[in-house]
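Peer 1: One structure, pasted below without further comment.
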Amino acid sequence: MKKQNNLRSLAAQAVEQVVEQGQSLSNVLPPLQQKVADKDKALLQELCFGVLRTLSQLEWLINKLMSRPMTGKQRTVHYLIMVGFYQLLYTRVPPHAALAETVEGAVSIKRPQLKGLINGVLRQFQRQQETLLNEFATSDARFLHPGWLVKRLQNAYPTQWQRIIEANNQRPPMWLRVNRTHHTRDGWLGLLEDAGMKGYPHPDYPDAVRLETPAPVHALPGFAEGWVTVQDASAQGCAVFLAPQNGEHILDLCAAPGGKTTHILEVAPEADVLAVDIDEQRLSRVYDNLKRLGMKATVKQGDGRYPAQWCGEQQFDRILLDAPCSATGVIRRHPDIKWLRRDRDIAELAQLQAEILDAVWPRLNPGGTLVYATCSVLPEENRDQIKAFLQRTPDAALSETGTPDQPGQQNLPGGEEGDGFFYAKLIKK
């Protein structure tokens with residue numbers, strides 16, 4: 001079996017597992033990457049991310065070109081046809097190769113009898129492409145988002161919702177964080193230029209650099225030595241608002257995969273940091289990040305709602321709560337989020353966030369700082385959440401971020417800027 005032929009069927013299987021089984025692409029893709037040659041890994045990733053980014057359009061096309069959906073054991077073929085559409089619409093794969101390889105993918109998934117059907121649908125699309133795309137441009141599916149999310153964005157951002165959706169449908173820029181314990185940002189930018197690459201500093205976040213062109217991490221000067229970390233600019237705002245100091249006791253709650261834990265330690269290398277996350281598997285990445293950067297923190301598995309279970313009676317000078325959320329601010333990085341989330345999830349997440357906030361607030365010392373952060377753009381998880389918390393928590397005061405009526409700072413995703421992110425800085429009276 002040819003590796004290239006197998007590639008399309010692997011992409012179809014990955015997308016099927018996300019859409020039909022609710023699995024995260026970050027869990028599904030790595031084992032499939034192991035099945036292809038190194039030279040094909042980037043294309044497999046591109047096909048998976050691309051199909052999930054444009055799923056609404058590809059589904060719309062299938063409904064137009066097929067009289068009945070593929071179901072049961074033939075369901076993977078449904079997604080294989082989507083992979084074919086995506087290649088024809090969005091990649092540089094020559095059309096004849098895209099057709100041939102996609103049709104051959106039917107053999108890999110043990111549906112060789114459907115090769116003719118796949119070929120026919122893809123060729124019909126080629127013949128009718130212009131007409132179909134003109135019709136699609138006026139359909140509800142053109143936003144490439146589920147309807148419930150479009151409605152929420154329209155309600156929350158009456159004048160900005162289309163800009164948010166457009167940003168979500170773009171490829172994200174690659175942001176890095178320079179480790180200030182090794183280099184100044186300007187110094188590392190010089191090393192980057194020496195390596196033949198160009199980067200741009202962020203105006204607000206002092207360690208953030210955007211690469212002109214995304215690059216593999218092994219090509220970045222000093223990555224293995226811990227000089228630089230891949231982290232979106234907006235995520236770097238957490239440590240900026242937290243402003244950790246040496247010698248302080250700091251809690252990083254919901255810490256995995258450890259990007260913010262290590263940023264705290266870069267800013268305050270002598271801080272005593274406890275990193276806690278409920279997901280034991282993801283905690284392994286916290287250890288990996290600490291090891292690569294040569295840093296030490298206490299790492300524990302635990303549920304943020306029950307601090308006594310993982311820190312006893314310990315109190316903290318600063319707490320970073322990067323709360324579990326809908327992740328609607330990072331859709332451009334994780335397009336599977338659009339299809340993994342459901343409308344009902346938002347109220348459940350808001351309830352969980354409130355429970356964690358109420359549980360950890362008593363662990364903050366008087367005069368201490370808590371930064372509440374999410375990678376969401378939805379008010380229920382952000383401004384509304386903090387407004388309600390301030391109303392029920394008399395010893396909490398807002399600092400630097402917004403006003404009591406409009407608490408927090410909401411970053412929206414866009415262009416070369418950072419992801420969608422929310423921060424509220426709270427001081428204990």
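Glycine residues also receive a Cβ, built from the backbone N, Cα and C atoms like all the rest.
From Swiss-Prot, for reference:
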type: ACT_SITE; residues: CYS375; note: active site, nucleophile
type: BINDING; residues: CYS254, ALA255, ALA256, PRO257, GLY258, GLY259, LYS260, ASP277, ASP303, ASP322; note: S-adenosyl-L-methionine binding site
type: COMPBIAS; residues: 400-412; note: compositional bias 'Polar residues'
type: REGION; residues: 397-419; note: region 'Disordered'
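Help me picture these features in the structure, burial and contacts included.
Peer 2: CYS375 (active site, nucleophile) is surrounded by 27 other CB atoms, counting those within 10 A of its CB over all protein chains shown. Secondary structure from DSSP puts CYS375 (active site, nucleophile) in coil.
Remark: CYS254 (S-adenosyl-L-methionine binding site) has VAL276, ASP277, ILE278, GLY304, LEU321, ASP322, ALA323, PRO324, ILE356 as non-local neighbours, by Cβ distance under 8 Å and separation of at least 6 in sequence. A coil conformation is recorded for CYS254 (S-adenosyl-L-methionine binding site) in the three-state DSSP classification, outside any helix or strand.
Tertiary proximity for the compositional bias 'Polar residues' (400-412) is limited to same-chain residues at least six positions away from its ends with a CB under 8 Å from its CB atoms, namely 157, 160, 163-164, 167, 234, 237, 241, 329, 372, 377, 382-383, 386-387, 390, 418-425.
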Peer 1: From the DSSP assignment alone, can you count helix, strand and coil residues within the region 'Disordered' (397-419)?
Peer 2: 0 helix, 7 strand, 16 coil
Peer 1: What whole-number Å value do you get for the CA-CA distance of ALA256 (S-adenosyl-L-methionine binding site) and CYS375 (active site, nucleophile)?
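Peer 2: Here the two Cα atoms lie 14 Å apart.
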Peer 1: Quick one: pull the CA-CA distance for LYS260 (S-adenosyl-L-methionine binding site) versus CYS375 (active site, nucleophile), whole Å only.
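Peer 2: Checking the Cα atoms of LYS260 (S-adenosyl-L-methionine binding site) and CYS375 (active site, nucleophile) gives a distance of 13 Å.
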